[in-house]
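Features of the protein shown, as given by Swiss-Prot:
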SIGNAL    1-20  signal peptide
DOMAIN    32-119  domain 'Ig-like C2-type 1'
DISULFID  50-108  disulfide bond
DOMAIN    129-211  domain 'Ig-like C2-type 2'
CARBOHYD  133  N-linked glycosylation site
DISULFID  150-194  disulfide bond
DOMAIN    215-302  domain 'Ig-like C2-type 3'
DISULFID  236-288  disulfide bond
CARBOHYD  277  N-linked glycosylation site
CARBOHYD  285  N-linked glycosylation site
CARBOHYD  298  N-linked glycosylation site
């Protein structure tokens, strides 16, 4: 019969065998026999089994040099570690709620009548991908350079992919934690999606919104005809970020809402100038001015009567015609500010 002191000496001697970098000695290639590498996901349970036979007098499971169980006696203070079986043929333990710090080598050590023998198994802990740091939503001016960051953790290390979610079909994919955009354009605004993938679980996906500011551009401003006594409506549509503010002028006079039978309504990209009862004096050239913090632009629009000769082109085709008038209007705007 073995004295307890002998067992202590045995375990201490066995522990010396597991110095990092030193191969584990094993007297018999088939005894004891532990499992191959065990792979589990973070949060799951891991079962470590060791096959033994009736030659075994003492058994123990160790994590590196720390004894977890010696026979039925628990040495570990970790309540997640429990013994499953201690029979003549198998000695196994279970680790509940496995975490990344549980990863590493585990050793089944046995004492026979002759000498200690060991067998090792490596526990691999897989961790689902998780994005741990990502850029906040950002607003920049057109032409600026932008860097978006998306840092992810997981085991195996996840692959990080950036994708532009564009409704115009101009989306692109970049496989890197950092996405760099040089000279950003208004078409590159919108949501950017970061995905972290490692095949352990579903990808972790998060989004960043990129807003690109740009000066106003008048996209629609058409001449309009109306008879005396009828309603006439001039429309001016401008694209801009931030949204443009509109002003209306006749020649060099700024029009005020509600005066002289006109109403000015501006909502989003569209501004309208409405004449409720058109008179002869209302006919003529009007200028729509769209302004935001990055700049301004203007378009000339004509309200004409029946039979009048007019240019029905859009705002772009009439830009040169309004140049002199715009110089006058700009001077007036500067005085107003």
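Cβ coordinates come from backbone N, Cα and C, glycine included.
Mapped onto this structure are the features recorded in Swiss-Prot.
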residue	record	Cβ neighbours (10 Å)
50	disulfide bond	26
108	disulfide bond	25
133	N-linked glycosylation site	10
150	disulfide bond	24
194	disulfide bond	25
236	disulfide bond	28
277	N-linked glycosylation site	11
285	N-linked glycosylation site	17
288	disulfide bond	25
298	N-linked glycosylation site	25
Counts of helix, strand and coil residues, the domain 'Ig-like C2-type 1' (32-119), according to DSSP: 3 helix, 49 strand, 36 coil
Nearest-integer angstrom distance between the alpha carbons (Cα) of residue 150 (disulfide bond) and residue 277 (N-linked glycosylation site): 59
Taken over the domain 'Ig-like C2-type 1' (32-119), the model's mean pLDDT: 91
Residue 298 (N-linked glycosylation site) and residue 285 (N-linked glycosylation site), distance between Cα atoms, whole Å: 13
Distance [Cα-Cα, Å, rounded] between residue 133 (N-linked glycosylation site) and residue 288 (disulfide bond): 46
DSSP-derived structure type at residue 236 (disulfide bond), helix or strand or else coil: strand
10 Å Cα neighbourhood of residue 288 (disulfide bond): matching recorded positions from 50, 108, 194, 277, 298: 298
Nearest-integer angstrom distance between the alpha carbons (Cα) of residue 277 (N-linked glycosylation site) and residue 194 (disulfide bond): 56
Length of the line joining the Cα atoms of residue 108 (disulfide bond) and residue 194 (disulfide bond), in Å: 44
For residue 150 (disulfide bond): DSSP state (helix, strand, coil): strand
